[in-house]
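Novice: Below, the features straight out of TrEMBL:
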- 6-24: transmembrane segment (TRANSMEM)
- 31-51: transmembrane segment (TRANSMEM)
- 57-77: transmembrane segment (TRANSMEM)
- 89-114: transmembrane segment (TRANSMEM)
- 120-145: transmembrane segment (TRANSMEM)
- 157-177: transmembrane segment (TRANSMEM)
- 189-211: transmembrane segment (TRANSMEM)
- 218-241: transmembrane segment (TRANSMEM)
- 276-299: transmembrane segment (TRANSMEM)
Amino acid sequence: MSLFLIILPVLIVFSIGFIGQKCIGFDIKSISTAALYLMSPFLAFRTFYTTPLTKDYLYIAIFAILLTVVLFLITWAMSAIFKASRSEFSAMILGAVFMNSGNYGAPVVLFALGAAGFDIAVIIMVLHSLLMNSLGIFFASIGGSQKATIQQSIQKVLRMPLIYAALAGITLEFYHIPIPKTVMDGVSLVAEASIPTVMLVLGMQLAAISAKKVDYRLVSVVSIIRIVLSPILAAVILTFMPLSSLIKTVLIIQSAMPAAANTTMIALQFDTEPDLVSFTTFVTTIISIVSIPVVLYFLGI
């Protein structure tokens with residue numbers, strides 16, 4: 001019961017967003033854009049500015065890339081076994097490889113491990129945003145009716161203020177450049193609004209998903225990869241990395257998250273089986289209500 005209570009505050013906020021969307025019908029894209037381009041950069045800046053730069057950053061980046069590659073290879077193999085079409089393969093990649101480390105993972109880590117774990121979760125969130133907005137867009141364009149070149153994918157990444165905010169925080173921290181307290185107070189106000197906003201957005205996005213005719217075999221396969229295999233693979237990879245137990249715990253929790261809600265928007269943008277991607281997001285999010293407490297239990301939380 002205590003493990004469920006860890007994610008209960010997160011589920012409550014998701015539910016508020018879900019009910020609000022059903023009853024009122026907000027413009028999800030506008031709110032999501034505000035969270036991504038206005039609030040999250042301040043959260044990233046504060047985290048990187050207040051967290052000393054260490055070699056752990058490098059190991060976290062290596063871990064994220066390794067896990068992405070392994071998940072991609074497994075998904076590719078399963079798509080071949082199930083004879084998925086090109087567009088279905090791209091949709092499977094979006095659902096299986098990219099986890100919801102921002103809207104869902106960071107809040108769970110905050111409630112489970114506190115501020116120390118949350119700072120690590122934000123670092124991972126930035127890395128996953130980079131991967132999803134580069135590799136995710138690339139694979140979506142391969143299988144979709146709307147094509148995107150590598151140059152367009154790079155431009156999409158370069159337009160993310162999250163990157164520049166993180167780089168600014170790293171630079172100022174590295175050179176020990178002080179920032180007036182009043183300025184940091186303002187930064188913190190916006191930063192602290194980021195997480196509850198993205199949590200509400202996820203609830204709204206789930207409310208907008210409807211059950212469509214999809215290949216339930218593929219949904220099942222992707223769900224197993226995302227919910228079951230991902231945290232197991234993460235734990236295996238981390239056994240070979242010289243990271244603290246706290247960082248390893250955060251990385252495993254993040255790896256156990258359901259499919260990223262933003263992949264639905266990417267699938268819609270490139271017409272890459274959006275029904276399959278959105279339904280996978282919904283199913284994995286529902287399953288995570290049970291699976292995440294199980295992961296927390298095995299991690300000794």
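Glycine is treated like the rest: Cβ placed from N, Cα and C.
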Novice: Do the transmembrane segment (120-145) and the transmembrane segment (189-211) come together with 3 or more C-beta pairs under 8 Å, pairs six or more apart in sequence?
Specialist: no
Novice: Ranking 57-77, 89-114, 189-211, 218-241 by Cβ pairs under 8 Å to the transmembrane segment (6-24), which is first?
Specialist: 189-211
Novice: Taking 31-51, 157-177, 218-241 as candidates, which has the most Cβ pairs under 8 Å with the transmembrane segment (276-299)?
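Specialist: Stretch with maximum Cβ contacts: 218-241.
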Novice: At least three Cβ pairs under 8 Å linking the transmembrane segment (218-241) and the transmembrane segment (57-77), pairs spaced 6 or more in sequence?
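Specialist: In contact, yes.
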Novice: Most CB pairs under 8 Å with the transmembrane segment (57-77): which of 31-51, 89-114, 157-177, 189-211?
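Specialist: Comparing 31-51, 89-114, 157-177, 189-211 against the transmembrane segment (57-77), the winner is 89-114.
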